[in-house]
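Trainee: Copied straight from Swiss-Prot:
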ACT_SITE  Asp18  active site, proton acceptor
ACT_SITE  His46  active site, proton donor
BINDING   17-23, 45-47, Arg332, 358-360, 440-442  GTP binding site
BINDING   Asp18, Gly45  Mg(2+) binding site
BINDING   Asp18, Glu19, Gly20, Lys21, Asn43, Ala44, Gly45, His46, Thr137, Arg151, Gln247, Thr262, Arg330  IMP binding site
BINDING   Val326, Thr327, Thr328, Gly329, Arg330, Ser331, Arg332  substrate binding site
Amino acid sequence: MIATKGRNVVVVGTQWGDEGKGKLVDWLTESAQGVVRFQGGHNAGHTLVIHGVKTALHLVPSGIMRPGVKCYIGNGVVLSAAKLFEEIEALEKAGVELRSRLRISEACPLILPFHAALDVAREAAREQGGQAKIGTTGRGIGPAYEDKIARRALRVQDLKFPERFARKLHELLDLHNHVLTTYLGSVAFDFGPTLAPYMADGKVLFQPVFDEAMRHAQLLKPMMADVSRELNEAHLKGANLLFEGAQGTLLDVDHGTYPYVTSSNCVAGNAAAGSGVGPGMLHYVLGITKAYCTRVGGGPFPTELAWEVEGTPGYHMSTVGAEKGVTTGRSRRCGWFDAALLKRSAQVNGLTGLCITKLDVLDGLKELKLCTGYQLDGELTDILPMGADDIERCTPVYETISGWSDSTVGVTQFDKLPTNARLYLQRIEQITGVPIHMVSTGPDRAQTILMRHPYLAD
């Protein structure tokens, strides 16, 4: 039976993001009373398809599409109020009532226009200097986390006190404008139409940033909350909570393909720190894993295929899987499933179970390859090394598995899958040591195979 009191589930991506977490979070909220975002910012994107209608979310937790479910943005999230209200207005136009159900931690650091300007200028300076781009979304996520770690960030709670906000903003602009103009040479860069209203001569201006922040303050005040307290109280009252990770494990600042990573911890352990609950409140960790691998932007990718070449398996994955980033629209690089990578993700997340997504994309491929390990400096290793430098030197070791021609689209029972599709999934379980509890066979809520429900009591 489904637990009726106080069972909490963490959903994390196990690859480089884009694994299909949004659909599964939406599916699981049928059994939850609250959904929590605990890290990242509006650099992450989730696409939900409900009754054939696509909805893209970047900051608002995916559970907002379920009437009556409370949604929380925890202290681990860096918040662009401008982007949040763009999203709120779009959802309200679509008929989703959410302001009374959305709670935002007062401890969230704010993303402000100078953070995005720093992001853009740094990538431009790297390119100008002949260095490889990190592949950021240019939305100010990294610089906002830098201010947090340096203990100088403006936080949501500062918006309640205009004089305090103005003083801190002046201090931050003095610092960041010096970096922009003197170190990065920002006068020479084109910052685009989004940042133009806030800038002059390569510097970010005080008044437009302050005025916009004060407008947002009035709108945010009804949603500001002590999220840590509210989550703990909800748990004590028996609510089921769902903690929604953004991006993926291999983008984690500590455990990912450093330095080609994001600026936050994407692993399950951060669900506690990023929302203000104790680790004992996290009962089940669901790892979302695409049936093949994709990656957006730069960085090592051991099993990458020639996904731009027509007629190849990689091209099949790219086109059939519609592999374009939700946030940036960039094409995702595609490759074979990497079980050695998944072993690393299982280790650092403490996965309870797996959900394999986009299995249907592999329909029609005659044969599939599974990476079981790598050759690294003449030795065989069965788990992904730490950091980009070692991963770049890895040569994948593959097993070949026969594909299937029958469609898996919309299949809702495991034993109704083609035989080779079942063998493929079972081999993933064997290599990684993590049981598969769910399989997604299409983008809609109903296109799901359930073997064990994460909210099922132990």
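The backbone N, Cα and C atoms fix where each Cβ goes, glycine too.
Because the structure is a prediction, the values reported are computed rather than measured.
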Trainee: Any idea which of the recorded positions Lys23, His46, Arg330, Arg332 has the thinnest Cβ neighbourhood at 10 Å?
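Mentor: Per-residue Cβ counts within 10 Å for the recorded positions Lys23, His46, Arg330, Arg332 bottom out at Arg330.
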Trainee: What does DSSP assign Leu359 (GTP binding site), in three states?
Mentor: helix
Trainee: Here's one to test understanding: among the recorded positions Asn43, His46, Arg330, whose C-alpha is closest in space to the C-alpha of Thr441 (GTP binding site)?
Mentor: His46
Trainee: How many Å separate the Cα atoms of Arg330 (IMP binding site) and Gly20 (GTP binding site)?
Mentor: 16
Trainee: Listing them in sequence order, which of the recorded positions Asp18, Lys23, Gly329, Ser331, Arg332, Leu359 have their Cα within 10 Å of that of His46 (active site, proton donor)?
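Mentor: The recorded positions passing the 10 Å Cα test are Asp18, Lys23.
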Trainee: Listed recorded positions are Gly17, Asp18, Gly45, Gly329, Arg332; which of them have CA atoms within 10 A of the CA of Gln247 (IMP binding site)?
Mentor: Gly17, Asp18, Gly45
Trainee: Cβ neighbours within 10 Å, counted over all protein chains: which one of the binding-site residues Gly20, Gly329 has the most?
Mentor: Gly20
Trainee: At the level of the C-alpha atoms, what whole-angstrom distance separates Gly17 (GTP binding site) and Gly329 (substrate binding site)?
Mentor: 14
Trainee: Can you give me the Cα-Cα distance between Gly45 (Mg(2+) binding site) and Gly329 (substrate binding site) in Å, rounded to a whole number?
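Mentor: Counting only the Cα atoms, the answer is 10 Å.
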